[in-house]
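Colleague: From Swiss-Prot, here are the annotated features:
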| type | residues | note |
| --- | --- | --- |
| MOD_RES | LYS91 | N6-acetyllysine |
| MOD_RES | LYS128 | N6-acetyllysine |
| SITE | ASN170 | site 'Transition state stabilizer' |
| MOD_RES | LYS252 | N6-acetyllysine |
| ACT_SITE | GLU269 | active site, proton acceptor |
| ACT_SITE | CYS303 | active site, nucleophile |
| REGION | 336-501 | region 'Mediates interaction with PRMT3' |
| MOD_RES | THR337 | phosphothreonine |
| MOD_RES | LYS353 | N6-acetyllysine |
| MOD_RES | LYS367 | N6-acetyllysine |
| MOD_RES | LYS410 | N6-acetyllysine |
| MOD_RES | SER413 | phosphoserine |
| MOD_RES | LYS419 | N6-acetyllysine |
| MOD_RES | LYS495 | N6-acetyllysine |
Amino acid sequence: MSSSAMPDVPAPLTNLQFKYTKIFINNEWHSSVSGKKFPVFNPATEEKLCEVEEGDKEDVDKAVKAARQAFQIGSPWRTMDASERGRLLNKLADLIERDHLLLATMEAMNGGKLFSNAYLMDLGGCIKTLRYCAGWADKIQGRTIPMDGNFFTYTRSEPVGVCGQIIPWNFPLLMFLWKIGPALSCGNTVVVKPAEQTPLTALHMGSLIKEAGFPPGVVNIVPGYGPTAGAAISSHMDVDKVAFTGSTEVGKLIKEAAGKSNLKRVSLELGGKSPCIVFADADLDNAVEFAHQGVFYHQGQCCIAASRLFVEESIYDEFVRRSVERAKKYVLGNPLTPGVSQGPQIDKEQYEKILDLIESGKKEGAKLECGGGPWGNKGYFIQPTVFSDVTDDMRIAKEEIFGPVQQIMKFKSLDDVIKRANNTFYGLSAGIFTNDIDKAITVSSALQSGTVWVNCYSVVSAQCPFGGFKMSGNGRELGEYGFHEYTEVKTVTIKISQKNS
């Protein structure tokens with residue numbers, strides 16, 4: 001949505017200073033062992049914002065050692081009441097509310113995110129996620145089991161231990177809290193590696209974590225690159241679990257490293273090529289808008305993007321016309337500027353990849369309805385692009401684009417569209433638009449997706465589990481299921497003289 005459509009959004013901060021640029025270990029700020037730093041940029045202007053300490057294997061080792069020490073039996077963190085963990089998470093949410101404007105401005109400057117979206121959606125989601133996780137802290141519990149014989153048996157839900165958490169660049173702060181919220185609620189300690197493109201809000205969170213009162217070593221933040229710092233976390237022999245959100249290609253490397261090291265637990269939220277199916281009986285206005293937001297939100301840089309749009313033949317032409325009309329309404333520019341409705345892609349690498357895929361669509365015979373190229377003289381901007389007459393064998397129909405590119409395909413029958421929708425390596429999410437409840441239930445059951453939305457799209461909440469089928473990953477984040485990823489179940493059996501019912 002455009003900034004002008006959003007109510008109650010203050011102006012972003014000006015002359016923002018980036019105070020926290022070092023590595024956060026044991027509630028203290030450290031320079032990198034190597035002495036190296038790396039630059040952080042504004043993708044809208046291509047200007048350097050600051051330099052950040054570049055963590056690598058030696059820094060990860062220090063962070064893991066601190067996390068392990070904080071997790072020792074008898075430590076302040078391990079002996080803390082579960083309800084107190086919840087209080088600390090709520091305190092952290094309070095501090096995010098206090099720094100709401102600063103963090104939203106930082107997300108827009110560093111991540112190219114529309115300021116209004118950062119302020120309302122991302123920061124709002126961050127606060128709700130933490131409060132949800134805080135509420136679970138003293139409700140993660142075991143059971144008693146009526147085992148045969150004279151025994152008393154019960155289970156304990158114990159924290160996994162030291163958790164490595166590798167964060168993507170598209171939702172830097174929200175994904176940071178999706179990771180640390182459940183982990184800390186369950187009593188784990190964490191070593192977090194933010195994406196090298198967007199480390200600034202994560203590092204600011206280090207200061208808030210210390211201010212909230214978390215003991216030293218419970219949360220450690222090591223900015224750095226994937227092949228060095230990320231690889232060190234994935235292969236570390238003293239990391240008990242790693243959680244990663246990002247590309248399927250990197251997810252495979254992380255799982256391989258986990259298997260070759262200590263068989264640490266792994267949860268992965270990876271890529272997607274999500275189908276969105278619009279039947280002829282759907283509310284067309286609703287379907288057009290949700291499908292549009294489903295692929296163009298945050299410049300298309302969403303793992304759940306509705307990037308394969310299947311429209312029933314009888315309404316296809318009208319749907320394409322309305323979709324093109326909607327895409328042409330975008331105003332591109334600096335995401336901090338009021339009235340702008342589309343910002344830049346995150347960096348040059350993504351920018352060039354998207355433009356290459358757009359060119360492939362043109363060459364392979366898709367009809368370019370609008371957009372189709374770069375925009376402006378500075379920054380990584382790409383025109384909102386709509387293709388029609390797309391076929392399933394085209395690259396734009398198969399590969400994850402991660403950009404503002406909508407491809408619209410035609411279908412004739414229910415059985416045909418189910419088969420085509422499932423014909424992908426991915427299985428993260430899907431959408432269905434129909435006013436026929438029988439059709440909605442039938443199709444949602446048939447789709448191989450971790451999440452299916454009916455007559456809506458991209459509706460995500462802390463109360464609901466999120467994750468993918470197939471090569472979109474494994475494990476779940478958030479909801480009650482998400483906490484299982486951060487606990488181990490221990491069975492305790494005690495011999496007693498006599499058991500009574």
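Don't overthink the numbers, they just go from 1 along the chain as shown.
Quick reminder: no glycine exception, Cβ is built from N, Cα and C everywhere.
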Colleague: Let me know the DSSP-derived helix, strand or coil state of SER413 (phosphoserine), please.
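Modeller: Once the DSSP labels are grouped into three classes, SER413 (phosphoserine) ends up as coil.
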Colleague: Among the modified residues listed here, LYS410, LYS419, LYS495, which has the most company in the form of other Cβ atoms within 10 Å of its Cβ?
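Modeller: Most Cβ neighbours within 10 Å: LYS410.
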Colleague: To the nearest whole angstrom, what is the C-alpha distance linking LYS419 (N6-acetyllysine) and LYS91 (N6-acetyllysine)?
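Modeller: Here the two Cα atoms are 48 Å apart.
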Colleague: Going by DSSP, is LYS367 (N6-acetyllysine) part of a helix, a strand, or coil?
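Modeller: Its secondary structure by DSSP: strand.
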Colleague: Which three-state DSSP class does the residue listed as 'active site, nucleophile' fall into?
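Modeller: Note: the residue listed as 'active site, nucleophile' is coil by DSSP, not helix or strand.
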Colleague: Quick one: of LYS128, LYS252, THR337, LYS353, LYS367, LYS495, which modified residues lie within 10 angstroms of CYS303 (active site, nucleophile), measuring between C-alpha atoms? Sequence order, please.
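Modeller: Hits: none.
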Colleague: Please report the distance from the Cα of LYS495 (N6-acetyllysine) to the Cα of GLU269 (active site, proton acceptor), rounded to the nearest angstrom.
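Modeller: So the alpha carbons of LYS495 (N6-acetyllysine) and GLU269 (active site, proton acceptor) sit roughly 43 Å from each other.
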Colleague: Name the one residue among ASN170, LYS252, LYS367, SER413 whose Cα is closest in three-dimensional space to that of THR337 (phosphothreonine); these are the recorded positions.
Modeller: ASN170
